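> Annotated NADP(+) binding site per Swiss-Prot: 50-53, 170-173, 193-196, Tyr211, 258-259, 347-348, in sequence order. What Swiss-Prot lists as substrate binding site is Thr135, Ala136, Leu137, Val138, Ser139, Ala140, Cys141, Met142, Ala278, Thr279, Leu280, Ile281, Thr282.
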Amino acid sequence: MGIQHMLPSTQTAIIAGPQGEFQLSHDVPVTPLADDEIIMKTAAVALNPVDTKLVGDFITPGAIFGFDCAGVIVAVGPKVGNGLAIGDRVCGSARGMNREKPLGGAFAEYVMLPADLTLRIPPAMTFAEAASLGTALVSACMSLFWTMQIPASLQEPAEKPFPVLVYGGSTATGTMLLQVLKICGVRTLTTCSPKNFDLVRSYGADEVFDYNSPTCAQDIREATRNNLKYAVDCITEDSTIKICYSAIGRAGGQYIALNPYPEHLATRKVIKPGWILATLITGEGSAWPEPYHREPDPEIRALAKPAYSAVQKLLDEGRLRSHPIRVKDGGLAAVLDGVEVLRKGEISGQKLVYCFN
């Protein structure tokens with residue numbers, strides 16, 4: 001039998017209005033507790049670029065927006081077997097704008113998360129820091145371990161260092177990738193603007209290149225002696241795929257983007273391109289329009305479990321930290337303003353986080 005505090009029947013949440021607009025509603029149902037999930041009372045949420053891009057056919061009117069969140073567990077499903085308990089401080093990535101589970105988004109007073117994809121927050125980490133981890137962690141692990149399948153893992157570091165390029169190392173996913181790769185014993189190369197060189201080095205970058213330099217790709221190729229096999233593109237624009245493709249060595253390799261990439265620029269046959277969709281981590285597939293639509297794939301969820309166990313250990317040991325954050329108060333009402341700030345491109349090098357009272 002599950003354990004839970006007495007939960008209200010309704011809550012305040014940010015949902016999609018009839019025209020797909022962000023709408024603050026005070027009578028949104030609280031999601032029923034599933035057997036293998038937990039419900040937390042939200043303490044903080046973080047914004048991601050994807051939050052501003054869900055429009056048109058991505059929208060399900062009445063569904064809750066938002067992905068990254070942190071809070072305190074108030075309900076535990078009867079089949080939760082990983083020791084999570086009421087009162088635990090936790091974080092994760094929720095099911096934002098999900099057609100099949102419209103009450104699953106993060107921008108709400110109460111959020112349900114799969115227990116095996118939920119992380120306990122270490123005592124030294126704040127709710128605000130923890131709220132910023134979810135999507136970046138998922139994207140990093142999906143890119144490296146399940147799509148590229150690099151010859152290293154969080155549990156078994158590389159026997160011999162090999163280079164991996166992270167294009168856009170100063171992004172939230174970029175700094176997470178750098179940390180994860182460093183733990184895996186990998187030689188980390190990244191691109192960013194010179195003003196962020198010190199930032200990416202502090203997150204584990206071994207070598208940093210100015211993406212504005214006309215010789216950026218050539219410099220990376222020379223630094224890796226024409227042997228670079230792996231590139232993760234956190235930006236995914238025409239110019240970024242060109243640099244990544246030019247930087248990968250003569251023998252080819254893999255290029256992974258965080259968004260659908262421009263296929264006409266995937267010009268080298270010796271390079272295997274691909275892209276990831278972080279929301280697939282649950283194994284439940286995606287009802288979003290093409291090219292984002294996916295059928296359920298339980299294997300993804302099965303692969304995620306050991307990775308999450310390894311990540312939990314690293315968090316407990318203080319070996320993973322959040323991207324620089326800009327913390328705002330005001331709860332859900334203020335999140336609406338944050339979405340506009342993000343949409344206008346008025347924040348750089350930081351992740352917007354909103355704390356609840």
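Even glycines carry a Cβ here, placed using N, Cα and C.
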> Where does Ser139 (substrate binding site) sit in the DSSP three-state scheme?
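DSSP assigns Ser139 (substrate binding site) to helix.
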> Would you work out the biggest C-alpha to C-alpha distance among Thr135, Ala136, Leu137, Val138, Ser139, Ala140, Cys141, Met142, Ala278, Thr279, Leu280, Ile281, Thr282, the residues that bind substrate according to the record, and give it in angstrom as a whole number?
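Spelled out: the longest distance between any two Cα atoms in Thr135, Ala136, Leu137, Val138, Ser139, Ala140, Cys141, Met142, Ala278, Thr279, Leu280, Ile281, Thr282 is 15 Å.
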> Within 10 Å of the Cβ of Pro194 (NADP(+) binding site), how many other Cβ atoms are there?
12
> Could you check which of the binding-site residues (Thr135, Ser139, Thr282) sits closest to Ile347 (NADP(+) binding site), going Cα to Cα?
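If we rank Thr135, Ser139, Thr282 by Cα distance to Ile347 (NADP(+) binding site), first place goes to Thr135.
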> Taking the Cβ of Leu137 (substrate binding site) as the reference point, list residues of the same chain whose Cβ is under 8 angstroms away and which are at least six residues distant in sequence.
Ser93, Met176, Val311, Leu320
> What does DSSP assign Ala278 (substrate binding site), in three states?
helix
> Under 8 Å Cβ-Cβ from Thr135 (substrate binding site), six or more apart in the same chain: what's there?
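Result: Asn48, Val50, Phe67, Asp68, Ser93, Ala172, Thr173, Ala278.
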